[in-house]
Each structure stands twice: as C-alpha cells, then as structure tokens.
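Quick look at what TrEMBL lists:
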- 21-43: transmembrane segment (TRANSMEM)
- 63-83: transmembrane segment (TRANSMEM)
- 90-113: transmembrane segment (TRANSMEM)
- 133-160: transmembrane segment (TRANSMEM)
- 181-202: transmembrane segment (TRANSMEM)
- 208-234: transmembrane segment (TRANSMEM)
- 367-385: transmembrane segment (TRANSMEM)
- 405-426: transmembrane segment (TRANSMEM)
- 446-467: transmembrane segment (TRANSMEM)
- 487-510: transmembrane segment (TRANSMEM)
- 535-557: transmembrane segment (TRANSMEM)
Amino acid sequence: MEDKMEESSDRREMRRSKKGGLITMPFIIGNESLEKVAGYAVVPNMILYLIKDYHMSVAKGTNILFYWQAATNFTPILAAFVADSYLGRFLIIGFASICSLLGMILLWLTAMVPESKPPTCDLLTQRCRSPTAAQMSLLISSFVLISIGAGGVRPCSLAFGADQLDQRDNPKNDRVLESFFGWYYASAAISVLIALTGIVYIQDHLGYRVGFGVSAILMLLSVLLFFIASPLYLKLNPSKSLLTGFMQVMVVAYKNRNLTFPLPDSTGSYHHRRDSNIVAPTHKLRFLNKACIIKNPGQDIASDGSASNPWSLCAVEQVEELKALIKVLPLWSTGIIMSINLSQNSFPVLQASSMDRHLTTKFQIPAGSYGMFNIISLALWVILYDRAILPMASKLKGKPVRFSVKLRMGIGLFLTCLAMAVSAIVENARRRKAIREGFLNNPHAVLNMSALWLVPQFCLNGLAEAFTAIGQTEFFYSELPKSMSSIAAALFGLGLAVANLLASVVVSIIDDITSRGGKECWVSSNINKGRIDSYYWVLTILSVINLLYYFVCAWAYGPCGDQPTKLTRARNGLRKEELANLGTKEMKGKA
C-alpha cells in the first residue's frame, strides 16, 4: 500500500515537472501584451476625451487621470497579496483579465451610447452641460474595472512567468531571470508602442467608437489566449497568508518587547519550522527577533512542532520575510519621484497638440503617440544591453560581466533629473514662441515649431525607466523570498500608485498657490498663459534631492544580490553552522 502511495506521489511529481517551461511563455506574455495594448491605448487621448466630450477643465481631468493611474498601480499590491496568500497567481490573472474586458466594454459604451455623456456644447451661448451623476458613474466604473484588471494581470503575470522558469538550484538561474525580466519588459514595451501608435491613430482618425471597440476586442483575445493554455501552466499553490504572517510578527514582537535575547551560541531558543535548518534570525532589525523567542517549550510548541498559538509565537522564517520587506522599502521609495515624472502624460499631449506634428505634408503623428519614443528608447536599450553591451564587456574582460542593480537604479534616477530639466527648457521655448506669434489667448493654435522637440525628454524618461524600473523589479525579486514573488513584482507598481497620488497633490497645490490673487495658474487650461515649464522645474529640483536620498539609502542597505552568501543570510536567517561560528566569535570577543 505504501509503495503504491509513493508511486502515485512520484507520478504527480513527474507530471508537475513536465509543466511550465518556455512553452508557456507565448501565452503568458501574449495575455500581458494584449492587455497592455488594450489598456495603454485608452490613456493618451483620455484627457482630450474628458475635455471635449465630458466638458472638464484641464486641472480636473488631469487629477481624475492621476487617480485612475493611482488605482491602476495600487491594485497590483492587493492582487499580489491575495495571489501569494490565498488564490494563487493563475486564478488572479484569469479573474483580472475578465474584469479588464468588462471595463473595456463599459468604456466603449460611453462612446457608443449618446445618453452616456453630456450633450455637445451650445455654439450660440457657449454653454456646456456637466456630466450627470449616472454618466460619471458609468465612466468611473469602467476606469475601476480596467484598474482591477491591470492590477491583477501585470504583477502576477510577471511572477507567474518567472515561476515557469525559476530554478534556484541552477547556477545560471540569475542570468536566466535577468534575461527573462529584460525581454519581458521589451515585449511589454513593444505592446505599449503599438497602443500609442496604431490604436491611438485609430482613435484620432476613426473616432473613439472604433478606437475603444478595438481595445475591447484585443482584451477579449487576451482572455482567450490565457485560458486556452491552462493545462500547460505550473500552478503553485499559496502556502500561507503573508499579510497575516506580517501582522503576527509585529503583534508578537510588541508583546515580547520586554524579553531578553538568548545567548548567541544557545540552540533551541528560537522557533523554526520542522523542515528548515534555519535555527536563528539575522541581527538586522533585531527587535523583531523577539517574535520567535520560545518562552516555554511545553506550552508554546505543539506536538507537530508548530506554534501552539501563532499570535504568541512566530517562526524564524516569518520574521525574516517581514525583515526582507522592510529592508527594501527605503530603496523602493527612491523610485517614487521618478514615477511622478513618468506619470506626466496629460501635459505633453497638450503641448504636442499645440505644435507642428507633421512628418510629411500628409502624415502627422497623433498628439497622444509621442509617448512611443519613451517605449522605443526603453526597448532598444534592453535589446542592446542584453545582446550587445553585456556580451562585448564579458568578451573584453574574459569573464561574465553584470552591472549591479544598484548602479542601474542610480543611473536611471540621474537620467530622470535630466529628462525633467530638458522638459522645462523645451516648454519654455514653446511658450515664448506662442507669445511671439500672438497666440497667448489661443491655446488651440498650432505653432510653427516641430513637436519633435519633445522627443529628447521622452527618450531620457525611457532610458530612466529601463535602468530603474527593470533594476528595481530584479532587485525586489532577488532580495525577497520566493513566497513573496508577486509582491516583489508589484512593489514597483505600488511606487507608481503612490507617485500618481503625490502627482495629483503637487498639481493641486501648484494650482491653488499660483492662482491666488486672480493670477493665471501654472497648470491653466490655456497652456500658453500657464507656466508648465516652472512646474517641470519643480519636478527637476525634487528629482535632484531624490538622487541624493538614493545614495544614502543604497549605502545604508549594504550588499545585495551581487554577493550570494550575504543575500542568503539576509533572506533566510542564520543556519546552524553560522550560529555556532557567531557564538564562538562573540565569546572570544568577550574574553
């Protein structure tokens, strides 16, 4: 009987080992790519849609879009917790894909059904009706569903794809994951590029009815593509509730705050899981270690080796997971200012609308498509870095070469400072030209100035994102335990969410301060009267301060994935032999 059970277990393990791998990549990346094409395509022209069809001011429309982007970037962290703790990544991606499809259909209905938005403005009286509560509810509902969809697909898809390839016992695993992350972002960048060119072009020339309809069809294909490959996926089940585990550690550490720490060479003082050889936590954030101190073995430990009450005693592994998350938060926070810079989508669209966008006498680039230069520069850098720069550097040095994640993140933050400075300079030149040509009171006039002047700032932002966004994602995935993979993938998105909220706060503050005394505010609906260039200079100053803050955080963090032994210690706690060595050294020091 036991032999049959072992044989059945072996067969299940063999079936499990045959799942996953490269064969699943087209379906996972295809689902993510189509979702990005559909989702990103509706964003660039949305400010124009809100102004023209919903009769909103620039400030109000911009703030709504900031809140929408914040929701889109905040939902990933919630989806990641649910995926890692309860439902698993497969179910979350499937549910989120369906939500996104429903959101696209509702948005398409706002363009198809005349009663779903305010009537056109009266040309004689120049009066425009505001949208009713029901009309706004339909619009906001579509935004919410699209945010839920994007929030579930994007972080979990990245982690789900890594699950199919990740083999941490493989010495080349780090290189495989680095290549996967790079190419994943490149494919996502190409998807966004298609959205910003093809779909936005359709919106401009065939209208929102066709444009939003195409996005809905693409999202339908995304759903079908993901579910059709369900039998091929390696679906890892969530092992525990991470959020509950974090709360338990904080509660128990506070309860045990008056306990004294055991001696360094004492064994059995800390509670650890039975199948783990980690017997003691690390010494960083030492106050949390009190959560896993065994006070009374007879009462605290159950017969199966687990804690009798998890709200009175935690495992070493729980403590180290929370430590790992807390430890990366300062470096995570350094990406927020860059994310604020990247979220400036509305103002560049308004700038491009007032400039000459013709490439030939018959063809002009849509105002919402200039963000494609951001994506092009990101994708080109990823390809050159992976296929040209690293191989060439390795060949010259005669050994494998990798740029550390800290170096890449720092370069990206420096580039975003340059991007904002260039943005301010170009806008100042555009505004002065508009005034010279007599268009101070006509924000809809097209200047005799090429919109290609906006390209350098987009390229610099694209390179900044390539360095910092990819670097941060790899950093989180490498530094956090595998049980927190979805959270690792969602952390950068959480930074974007915080950035969108802060960006809205910055716009509101600047709008309030600069409009006092009846003055024209910097973010005026008339961009020729406003001072968007001064707004960009504020972001430049904040970016420089943030770069200095990053240097401090990077120094304080210490070594990361570049030194595997230290990484393992920081992520997994102290093993038996390390504890013994540490105890010997401390005893010698006392002697």
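Each Cβ is built from the backbone N, Cα and C atoms, and glycine gets one as well.
Keep in mind that this is a model prediction, so the values were computed, not measured.
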The transmembrane segment (21-43) and the transmembrane segment (181-202): do they have three or more Cβ pairs under 8 Å, with pairs 6 or more apart in sequence?
yes
Can you work out which residues elsewhere in the same chain, 6+ from the ends of the transmembrane segment (63-83), have a Cβ less than 8 Å from its Cβ atoms?
39, 43, 46-47, 50, 56, 89, 91-92, 96, 143-144, 146-148, 150-152, 154-156, 159, 238, 242-243, 343, 345-346, 486-487, 489-491, 493-501, 503-504, 507-508
Counting Cβ pairs closer than 8 Å to the transmembrane segment (208-234), the top stretch among 21-43, 90-113, 133-160, 367-385, 487-510 is 21-43
Is it true that the transmembrane segment (487-510) and the transmembrane segment (21-43) have 3 or more Cβ pairs under 8 Å, skipping pairs fewer than 6 apart in sequence?
no
Among 21-43, 90-113, 367-385, 405-426, which stretch has the highest count of C-beta pairs below 8 Å with the transmembrane segment (535-557)?
405-426
Between 133-160, 405-426, 446-467, who has the most Cβ pairs under 8 Å to the transmembrane segment (90-113)?
133-160
Do any residues, 6 or more residues outside the transmembrane segment (21-43), come within under 8 Å Cβ-to-Cβ of it, and if so which ones?
65, 69, 72, 93, 97, 100, 104, 107, 146, 149-150, 153-154, 157-158, 160-161, 164-165, 184, 187-188, 190-192, 194-196, 199-200, 203, 211-212, 214-216, 218-219, 221-223, 225-226, 228-229, 232-234, 345
Do any residues of this chain, six or more beyond the ends of the transmembrane segment (367-385), have a C-beta under 8 angstroms from a C-beta of it, and if so which?
44-45, 48, 182-183, 185-186, 189-190, 192-193, 196-197, 200-201, 203-204, 342, 345, 348-350, 352-353, 357, 451, 454-455, 458-463, 465-467, 470
